[in-house]
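Have a look at the structure below, then the notes.
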Amino acid sequence: MNPYVLMILLSSLGLGTTLTFASSHWLLAWMGLEINTLAITPLMAQHHHPRAVEATTKYFLTQATAAAMILFASTTNAWMTGEWSITDLSDPLANTMFMTALALKIGLAPMHFWMPEVLQGLDLLTGLILSTWQKLAPFALIIQTAQNIDPLLLTLLGVTSTLVGGWGGLNQTQLRKILAYSSIAHMGWMIIVIQYAPQLTLLALGTYIIMTSAAFLTLKMSLTTKVSTLATTWSKSPILTATTALVLLSLGGLPPLTGFMPKWLILQELTKQDLPIIATTMALAALISLYFYLRLCYAMTLTISPNTTNSTTPWRTQTTQASMPLALFTMATLGLLPMTPAILTLTT
Amino acid sequence: MAVSKTTLKTLLGVHGVIHRQTLLLPSTLRCSGILSTRSIHERDYRRPGQPPDTRWPWQKIRFDFSKGVEGIKKHIGLLKDEFVQRWTGPEGRPLIEHILEQTRVQWEFRGPESLNQWVVSSDQEIGGRSEAYIQLGKNNTTCLLYGTLCSTPPRDGETRYSGYCTLRSKQPLASFDRKKQYDWSSFNTLHMRIRGDGRPWMVNVSAETFFSHQRDDIYSYFLYTRGGPYWQDVKIPFSKFFLSSRGRIQDDQHVLWLDKVKSIGFTLGDKADGPFQLEIDFIGLCNDLAHTEEFAYELYKRNPEV
């Protein structure tokens, strides 16, 4: 892509999110969300492939619908209560509409149906931006308004998302769809605890961004998009295969990796709030997701084809991709669990 | 009384006109047996030179109770299968099979019901005189596509060229006639065993699209057959397929994505009048590890840097 155009699009992406972060008026927040949607649209469609254009169209339609619903919710609230401030969302209809719109924006179940198809049509880097950066602005709005939203709606969204994310990812063979369902499940974990401890939501979001970035960058480094190609990454780079397996287990939430931290703290918070059934359901739903992460690890590390491999093993030449971000995110994904006390002190 | 008689007559007259119009529609031509295998999605074709179908939607209904009961049983069975096969793995097979798979036979001809998955059409739809038929070959193990090409264009004032025939597979359907696609992403080569008569055919693969502008997008490649009694193994890598839409090769080429393939087809249109035959033993897929090319053609770049 033309470097000037790329610069404009990336800076618009940054601008949109920052605008939403910095806003206290609903119209400015909505504007930031729309700028994000419009800026990522050319990035998604740059490859002129019909599937990329299809993914762009589906993404644009869902995000525009969600943004329109947000505008409608804020206008309804302003009409009922006269307040445009984000933290003063008090009308119940506006609250519910707003939460539904934001659920559509970040891909919470049952508004998740666009996510796997959209991620499947994109290349890995754009998919990474979609899964990580595009979630920040909506979460900023959710965290600010979470106290006013119906707790039942939040709980339902959270539990449904983790269950759907688990079951939906079970029979997938395309890695981008697996990561889409993983995103849906993680969003569920973030939403379930927002009414009790918003700082845990931020922590979960932060660790999710780190782990997903590590996963996407690994797939980009080894140029794999299918499970069958993943099975031959051990010959391209054995160390990368080892770290990828650990990154996937971290996404699954296994100690002693970083991914365990948000799940542990969220379950602890739910138990403190006297909600053992919800905590058990979330833990069991996480097991379903863990099954498909483990299956990817199995395909990658514990299988060698009996005779010839199923995909071409390329020459192990020096890679031209930048490896620093991958190294950083991988280390963060694997090694941050001992820092839990420090993180808790800093955030609470 | 007189008013009601005239209205009755007008109504009858209208009905007669409509009835007459139905006789001219392609579905009631002498090749109706072949064309009625078309699905609902494929029936919107208007034959050039014919007036458009102006019947009301309720006049197009063909209602039958026994078919309804069979249909319900079939579709509920398919729906139950869909739920049950998820326990085994993607597409009803364990994941280990999907990882290890290197060849797959997608279409085989082992009985008369295998011919129901295919649609034959020729330029009789536009009023031409070519004929094309399919039947099972010897020992019910192959499919024989045969017929006669005639490139005389129909005299309807619109058509200039004629003389083609096509064999196309139907899109797989899930329960309640929902469209399904084939997932060929583990493979990179099309492998067919055919026996032709020396004519050049085109192999067309079509993928699932989103917009109606892309409805006629087809990825094609050539299939040169040798005559003679010996079978021919043809392996065409998917990277060689080029994009065309309604027969016109597109400038903006891109590679065929194999995770949502709709159907495959064979077309003959080599302007040579006379009889033709193509016998197909199987159509399969394989993974050629030596073939590392991603796409054989240059990607059209707008605004190239100079």
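The backbone N, Cα and C atoms fix where each Cβ goes, and this holds for glycine too.
Among the features that Swiss-Prot reports, transmembrane segment is placed at A:3-23 (among others), with the record citing sequence analysis.
Per Swiss-Prot, transmembrane segment is recorded for A:60-80 (among others). Beyond its flanks by at least six residues, the transmembrane segment (A:60-80) meets 26-27, 29-30, 33-34, 37, 41, 88-91, 93-95, 97-98, 100-102, 104-105, 114, 141 of its own chain at Cβ-Cβ distances under 8 Å.
Residues 33, 58-59, 62-63, 65-67, 69-70, 72-74, 76-77, 89, 135, 138-139, 141-142, 145, 149-150, 153-154, 157-158, 160-161, 163-165, 168, 172, 176-177, 180-181, 183-184, 187-188, 191 of the same chain sit 6 or more residues outside the transmembrane segment (A:96-116) yet have a Cβ under 8 Å from a Cβ within it. Here Swiss-Prot flags A:96-116 (among others) as transmembrane segment, drawing on sequence analysis.
The transmembrane segment feature in Swiss-Prot is assigned to A:149-169 (among others); the stated evidence is sequence analysis.
What Swiss-Prot records for A:178-197 (among others) is transmembrane segment. Same-chain residues lying 6 or more positions outside the transmembrane segment (A:178-197) and placing a CB less than 8 Å from one of its CB atoms are 103, 106-109, 112, 115-116, 118-120, 127, 131, 135, 139, 142-143, 146-147, 149, 151, 154-155, 157-166, 168-169, 172, 204-205, 208, 212, 215-216, 251, 262-263, 266, 269-270, 273, 278, 282, 285-286, 289, 292-293, 296.
Here Swiss-Prot flags A:202-219 (among others) as transmembrane segment.
The feature transmembrane segment is assigned by Swiss-Prot to A:246-266 (among others). Counting same-chain residues at least six beyond the ends of the transmembrane segment (A:246-266), those with a Cβ under 8 angstroms from any Cβ of the stretch are 182, 186, 189, 192-193, 200, 203-204, 207-208, 210-212, 214-215, 218, 282-283, 286, 289-290, 293-294, 296-297, 330, 332-337, 340, 343-344.
Note on the transmembrane segment (A:274-294): residues 155, 158-159, 162-163, 165-167, 169-170, 172, 178, 181-182, 185, 188-189, 192, 248-249, 251-254, 263, 266-267 of its chain, located 6 or more positions outside it, place their CB under 8 angstroms from a CB of the stretch. Taken from Swiss-Prot, the feature transmembrane segment applies to A:274-294 (among others).
Among the features that Swiss-Prot reports, transmembrane segment is placed at A:326-346 (among others). Listed by sequence, the residues of this chain that lie at least six past the ends of the transmembrane segment (A:326-346) yet keep a Cβ under 8 A from its Cβ atoms are 203, 207, 210-211, 213-214, 217-218, 221, 243, 246-247, 250, 255-261, 265.
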Within-chain partners of the transmembrane segment (A:202-219) [C-beta distance under 8 Å, separation at least 6 from its ends]:
124-125, 127-128, 131-132, 135-136, 139, 143, 175, 179, 182-183, 186, 189-190, 193, 225, 240, 243-244, 247-248, 250-251, 258-259, 261-262, 265-266, 325-326, 329-330, 332-333, 336, 343, 347
